[in-house]
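Note sheet for the following structure.
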Amino acid sequence: MRILWIVAVCLIGVEGNLYQFGKMIRYKTGKSALLSYSDYGCYCGWGGQGKPKDATDRCCFVHDCCYGRVNGCDPKLTIYSYSFENGDIVCGGDDSCKRAVCECDRVAAICFGENLNTYDKKYKNYPSSQCTETEQC
């Protein structure tokens, strides 16, 4: 039963916003979102706590805060309109909630791209037990 639940969650991610966010990350960084950012520092991945470990982790912290301000839809599942144009990510559509989610993802992907030099492999698979200090959005 647990395996079916995991497969269902993965399929939702493939169809929903997490897949779109991953495409934005790849576009701005050239890296796989799943392999490079899914479990990095204290904030990159599901959930988050503590103080961001570096500028890359801070991108995830700011992204989590941005998702926390979105009202009217589930940011992790919302499918939105966007395009890649001349090196930029452009959010589209008339739905304000979908557009807000897209903007959160766009800003985070740009942040990752601007902070590629701070990415430190020692923070990959970083233990959450080391994320003890607190920081507010």
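Heads up, the Cβ atoms here are built off N, Cα and C, so glycines get one too.
The shown structure was predicted, so the numbers you read here are calculated from the model rather than taken from an experiment.
These features come from Swiss-Prot:
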- HIS63: active site (ACT_SITE)
- ASP105: active site (ACT_SITE)
- TYR43, GLY45, GLY47, ASP64: Ca(2+) binding site (BINDING)
- CYS42-CYS131: disulfide bond (DISULFID)
- CYS44-CYS60: disulfide bond (DISULFID)
- CYS59-CYS111: disulfide bond (DISULFID)
- CYS65-CYS137: disulfide bond (DISULFID)
- CYS66-CYS104: disulfide bond (DISULFID)
- CYS73-CYS97: disulfide bond (DISULFID)
- CYS91-CYS102: disulfide bond (DISULFID)
- 1-16: signal peptide (SIGNAL)
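Closest by Cα distance to CYS73 (disulfide bond), from the recorded positions TYR43, GLY47, ASP105, is ASP105. Same-chain residues at least 6 positions away in sequence with a Cβ under 8 Å from that of CYS65 (disulfide bond) are, in sequence order, CYS137.
Taking the centroid of the Cβ atoms of TYR43, GLY45, GLY47, ASP64 as the Ca(2+) site, the other same-chain residues with Cβ within 8 Å of it are CYS42, CYS44, TRP46, GLY48, GLN49, CYS60, PHE61. Considering only the recorded positions HIS63, CYS91, CYS97, GLY45 (Ca(2+) binding site) has HIS63 as its nearest partner by CA-CA distance. GLY47 (Ca(2+) binding site) counts 9 other C-beta atoms within 10 Å of its own C-beta, drawing on all protein chains shown. Straight-line distance linking the Cα atoms of TYR43 (Ca(2+) binding site) and CYS66 (disulfide bond), rounded to a whole number, equals 13 Å. Recorded residues CYS44 (disulfide bond) and ASP105 (active site) have their alpha carbons 13 Å apart, per Cα-Cα distance. For CYS104 (disulfide bond), the same-chain residues lying six or more positions away in sequence with a CB closer than 8 A to its CB are HIS63, CYS66, TYR67, VAL70, PRO75. Counting only same-chain residues at least 6 apart in sequence, those with a Cβ under 8 Å from the Cβ of CYS102 (disulfide bond) are GLN20, TYR80, SER81, TYR82, CYS91, GLY92, GLY93.
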